[in-house]
Amino acid sequence: MCDAFVGTWKLVSSENFDDYMKEVGVGFATRKVAGMAKPNLIITVNGDMITIRSESTFKNTEIAFKLGQEFDEVTADDRKVKSTITLDGGALVQVQKWDGKTTTINRKIVDDKLVVECIMKGVTATRIYERA
């Protein structure tokens, strides 16, 4: 199910992330620090629980969830959101909702790379990770 995602991933490229963070409402100083961070993602599966841990010089975050079940999340920029993650066509699709706003984060494996698309209104950031 999600086995292809399991492992440690390092960020190798990031496109349009500052514009995405701006659209989300992240402040200037936080955007500058977060934009320079090169996070590692550690993804594990234990039964029906999936854990995604992000480790960087900016901040460490971790979410643990079951597919299709809403959970509370505090994001790296300290937004308190309701998240739901589903598996759709081999992609992990995360929808975050807060204060009447919605953003979508799609994670998929393409050519053994983890491609993460962050979408807010008309702005899309693409971040590519390789296995560490």
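One is the number of the first residue shown, and numbering goes on along the chain from there.
Cβ atoms here come from the backbone N, Cα and C positions, even for glycine.
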Among ranges 11-21, 22-32, 44-54, 55-65, whichever one Swiss-Prot labels motif 'Nuclear localization signal': 22-32
Proximal but sequence-remote residues of the same chain as SER13 (phosphoserine) (Cβ under 8 Å, at least 6 apart): THR126, ARG127, ILE128
Sorted by sequence, non-ARG127, ILE128, TYR129 residues with Cβ within 8 Å of centre, fatty acid: TRP9, LEU11, VAL12, SER13, SER14, LYS113, LEU114, VAL115, VAL116, THR126, GLU130
